[in-house]
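Novice: Features from TrEMBL:
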type	residues	note
BINDING	F:86, F:124, F:125, F:126	phosphate binding site
DOMAIN	F:11-140	domain 'Exoribonuclease phosphorolytic'
DOMAIN	F:157-224	domain 'Exoribonuclease phosphorolytic'
C-alpha cells in the first residue's frame, strides 16, 4: 500500500553516526531512509541577553537545507537574504524540544547551539533533526563534563520525534516525501523517553481529521520513537 | 483558581463587529476579552505564480501586532526590517486554516489576502485571528458573489480556533496572557464547524503532558469553538 | 464644490478617544472623518546613545498603515522588509512636531515612543497622527507624573496639524482622499497652541502656487487647528 | 554677524560646471561655497510599471553622500544595507521638484534618472542638488533632442532651491553648516523661474517661528534663486 | 617542518566520492585531509536574463560553510541575512573557473548551478570546491547527454585548484588551516588539465613575496594538480 | 594596435590631486586617463572588536561607484540594499594592500578608514583606488603625526597597483575599458616600492594563459608602478 512497500507501522532504516564533524563538541549524522541530517552541538560560554546574570543556561537551534538536498534545487537562504517562515518554524520547534529535557539551571550560564543541516531530504527532516539533536546535545554536554565545565549531566530525559500521517485512509508511521506530499493529514510528535508529549503538531492537508485518527497517529509515534530512543542510546553509548 | 476568576471551561467575553474597516471587501474586529484583532479580507484578481493557469484560487494570510498591543512595547517589524519567526509561523497557520474550508477550484483564479492585526493583546491572538478571519473571508466571498465575480460560495464549512492549557494542573479554556505565561502546557486547536480537526498544536512549556491531558484540552476546545461558531454565524447573518 | 459637500473652511467630524489601548501609558484613537489613527505613547527608561549621560529626554515616533487601511491593499512593510520613504518622512515629521513642544531637559533621561498606526485612511493621516500624538504624549507624561517619575509636566504647549490645499482653484481645509488626489497644491501645517509655526510643508502637485495662496492656506490652517486644540484639551480633560 | 562674514542676504560663491561626468547624457558639478554636489542625468528608455502604456515620461532622483563628505565620517549607506530616512526624504523632494517643470506627456515613454552625489558637504546639499539637477536634466533632454529621441524640449520652466533660516534672530540666506546647526528655524524653498512656489519646507529647530518670519525667509529665497537661475542659464548656454 | 609532518610538496590525502547526493544531476564529496566539501551540480532549463535568446548556456556557483565546519562556530549566513564578502569572492571564483573549461555555445540555453557546501574545514576549502565542482559538473553534463538534452560534452578540459604558500620561508603545497594561519604568503592556483593558468591569486600575508617565490609556488601547484586531475578522472570513470 | 593608440607599455595620463576633500584627514583624487577615483582617509580613534586592547591599529577600505560613473547607469548599491560581490571583493583587496605596508603596532589603537569612490570609470578602478589610497593614507598618518597622535610614520613602504592584460595576443599595460572588455586575460598586480609582490590576481577571460605570459604582465606592471610611485611621492611632497 505504501510507495516504499513498508508496513504501516514500519520505520525507515535508521542510523546515527557521531564522528562526522571534526570540530563540534557534539555531533550526529542521522539517516532515516534517504533523509540525512548533520547535527552539531556547539558550546558557547555566553547566554542571550535576557538570561544574563540569572545563572541559567540556554539551548537554541538553527536549521538549514542544502540547496540540492531536494528533488529540485531550492534557493539558498543565505543568497536570498532571509530564512523562510518554514525554516524559522522548524528551528524554533527543535529548540523547544531540546529545552524540554534540559535542566537549564544545572547548565549554569552557558549556551549550546544546535545546527541541523539537511544534506539529503526525503521527508521528515524536522523529526530527524530533533532525534539527532538529542544525540549531539548529549555528547556536547558530556564533553563539558569531561572538561569540568559541568559537574553533572543536565539532561533529564531523552527526546525524539517522528512524523505520522493518514495515507490512503490508513495511519502510517514515518512518512517519506512521496507519502508526505499525498497525505490527507500528518502530524509530528515529539515525545520524551518516559512517554510524555512535548509537542504535537497535527495538520489536515485535505479533509479535517478526527480525534480517533489523531490517537491512531499518536500510537504509531510511540512505537516509532521507541526504536529511535534505542538508537540514540546506542549512539551515545549508554544503551 | 484562574486569575480572571473564570471557570475552567469558560470562554472570555466574545464579540465580532463587521463594520470597522472602511475599504476591505470583508472585515471583522474580534474581541476575546482584552484581546482585540482587526481582520480584513482583500480580494485580488491574480493568483501566486505557482497557481497561474490552473483555474484555482488562493487564500493567504498576514499577521502583525501593533508595537504597543502588548504590556511592554515591542519592536515594529517594519522598522526592524523583518518579520519574526513567531509572526511567520502564525500567518502560515492562519492561511492553512482558511484554505481547509475553501473549495479553491470554486474560487477560480482569484486570491483573498487576510490581514490580521492585533490592536490589543491579552493571549490567544492567533486563535482570535483565525476565528475572525473566517468572518472576514465569508464577507469578502459574499461580496464577490454580490458583484457576480463568484457564482457560488466557495466556503465548505466554518473554522475557528481556541487555545487551551494546563494551568495549575487543571485543563482550562481560552488562556489569557497571565495564564499563558504560567501554563504547564498549552495547545491551539483549529476545528471545523462539523467537528473535524484542522490543526492541533500542543506544546509542553514545562513538564511533558499526557495523552489524557491532550484529550481534556481537546474536549474544552470543542466546547469553546461551539460558542465561537455561533458568534461567527451571527456576525455574518446566517445564524 | 467639495466632493464631501463641506464648506471650504470646514473641518471633518473630529473625535479623540483615549481608552482604546489597554497597555500604553498614553493613547488616543483620533478620527477625522473616515481617517482613523490609533496613537500610543510608550514610556521607556532609556535614551538613544547620542543622549546618554546628558540629562535630557527624547521623544520619537513611528508610523505605519494597516495594509487594508486604503482603497486597495498596500504591501505590508514588515513583509517587504523595509519602510517606504513616505513612512520614514512622516515618522520623522511627527517626532519633530512633538519635540517642538517638549522641554526635554525637564524630562530627564527617559524616552517616549509614539506609535501612530492608521486603521482607516481617507487623507490627512499624518496630520491626524500629529494631533492625536499630542494627546497620547500628554497622557503618558501625566502618567509619569502620577507615578512620580516626573515632578512636573514637560509639555510647553499644544501642537496640532492639518492639511489644506488648492482644490478647483479654491483654498480648502482638511483635504480628504478625493480632494488630496486632485489638489493643485497641498500643504501640511503644524502649529502650536500659541500660534507659532512648527512645520510648513507645501507642495505643488500641478502648477506652482503663489505666496498669496500659501497665506490663504495658512489662514485656514489656523482656523482648523483652533478646533483641534479644543478637542485635544477636552480629550485630556484640561479644557 | 554670520560666522562666514557674509551679509544676511548674500549667497555663497556659486559655480556650475557641466563637463565632469564622462558618460552621463547630462551632468553638473555644482558648488555653493564648500558644498559640492555631482549631478548626473541618465536617459532610460523604459518607464516605471505604473506608467507603462500611458505615453508619459518620468523623472526620478536618487541622492547620496560620500562617507567623508562630512566633518566626521558617516556610515556608507550601501554597507549599512539601507538608505536613511533623510536620504529618502531628500531624493523624493528632488524628484518632485524636477517633475514640477517637466511636461511629462511631451517626453513620451522615457525616464530620466537624476543622481545627486554630495562630494563635499557644508550645508544646503539638497538645495544645491536641486539647482544642479535642473542643469543636468536640461542637458540630458537637449541630448535627447539632438539624437532625435525628442522633438521638442519638455522643460516648461527653470527650478532652483535655496535654504534660508533664522540665525541669531535674523533672517539669512543660504545657510552653511555652522549656521544650519545653530539656526532657530530653517526653510528650504523650491521656486520656479517665473516665481511660483514648488515646495516650501519650513521647520522650527527651537522656538516656533511666525508668519512674518516665514515671509522674510521667502523674500530672501527669491533674491537667492534669482542668482541661481542666472547661473543655470549660463551653464546650459541659454543665458 | 610542517605541522602535519608532510613534505613540502606533499598533497593531503585526497578522495572524491560521487554518490552522496540523492537528487543532484551530478555531485561530488571531495576530501582533502580534514577539509570536506559537498558539491552538487543542478541542471536548470533557463539562463540568466542577460543571456536569454543568445543560444548560450551558463554555469554559476554558490558557496557556503556549515556554521560548525570550523574550529569555533561561525554565524549562519542565512540567519545574518547576507553572505560575507569572502563567500561572494569564493563563489565568483568557482564560477569563473568552471566557465573557463566549458564551451557555453555547445550547452545551448541551459544553466548549471554548482553548490559547494563545506561540511568540515581545515584550509583550502575554495580549492577543494573547484576540484570537486569539475567532477559534479562533468557528471551533470553527462547526465544531460544521457537524457538527450545535450548532444555532445561541452567540457573542453579539466580544471582543478590547489593552494600553496610560503611557510617558515619554504614553499609548501596544499596548506592546511594551521599553515594557512601562519603563512607569509599564500596563493591559489586554478589550472587546466593541459597546463594553462585560469586564475592566480597570490597574497602576501606578512612581508611581500618575490617573483621567484611566486614561481616556486606555481611549480608546486602543477605537481599538486597533476594528482587531482588523476583523481577527477577516476571519479568520473574516464581515467 | 591598442584602441587608445598607446604603446603596449604605456601608462595612461596620471594625476593625483590632494586638495579635493574639505574634511578628510587625507585625500587624493587620482586620475588614470578617464578613470577618476576620489579617495579619502579618515582617522577613527577606535579599532574593531577583534583588536581591542591589543595595542595595534587597523586600516580598512570601502569602495563604491557612482551610479553613472559607467557607460550605462548602474543600480545604486544603497538603494538595492546591498553591496555586490564585486564591490566587496575590491574593498577587501584595497584594505589588504594598505595593511601590507603599515606597521600596525606603530599605529597604536586607532583605525584609518579608506573610502574609494569612483567618479568616472574607464577600466582599472581598483588599481587606481589602491594607488590613490596610499597617498590619502600617507597624508592622514602625517596629519596624525602633526597632531601628535602618532610619534612616527607607521608606513613601511609605498604600495601601488596596475592592471595588465593580454590584448590581441600582446601583453599591454594599464587596460582601459575597451581593452578590458576584450582582453584574453588580465591581471592586477599590487607591488611595493621596494619591488615586492603584495597581490597578484590573474584571470583568464577566454583561453588559459601561460606562465610566460604571466611573467610578461608582471614585467609591465613593474614598469607601470615605477611611474605611479613617482607620482605618489610628488603628491605627498616626499619626491
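Cβ from N, Cα, C; glycine included.
TrEMBL: automatically predicted annotations, no manual curation.
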Novice: Sort residue F:124 (phosphate binding site) into helix, strand or coil using the DSSP assignment.
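Specialist: Coil, per DSSP.
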Novice: Take the domain 'Exoribonuclease phosphorolytic' (F:11-140) and average the pLDDT across it for me.
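Specialist: Mean model confidence (pLDDT) across the domain 'Exoribonuclease phosphorolytic' (F:11-140) is 97.
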Novice: Name them in sequence order: residues not among F:86, F:124, F:125, F:126 whose Cβ is within 8 Å of the mean position of the Cβ atoms defining the phosphate site.
Specialist: F:63, F:90, F:118, F:121, F:123, F:127, F:128, F:129
Novice: For the binding-site residues F:86, F:124, F:126, which one has the sparsest Cβ surroundings, going by other Cβ atoms within 10 Å?
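Specialist: Relative to the other binding-site residues in F:86, F:124, F:126, F:86 has the fewest Cβ atoms within 10 Å.
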Novice: Show which residues of the chain containing residue F:125 (phosphate binding site), separated from it by at least 6 in sequence, have their CB under 8 Å from its CB.
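Specialist: Counting only residues 6 or more apart in sequence, the Cβ neighbours of residue F:125 (phosphate binding site) under 8 Å are F:35, F:37, F:65, F:90, F:118.
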Novice: Among F:86, F:124, F:125, F:126, which the record lists as binding phosphate, how far apart in Å are the two most distant Cα atoms?
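Specialist: Value for the max Cα separation, rounded to a whole number: 13 Å.
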Novice: What are the DSSP helix, strand and coil residue counts for the domain 'Exoribonuclease phosphorolytic' (F:157-224)?
Specialist: 20 helix, 30 strand, 18 coil
Novice: By DSSP, what is the split of the domain 'Exoribonuclease phosphorolytic' (F:11-140) into helix, strand and coil residues?
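Specialist: Going by DSSP assignments, the domain 'Exoribonuclease phosphorolytic' (F:11-140) contains 42 helix, 40 strand, 48 coil.
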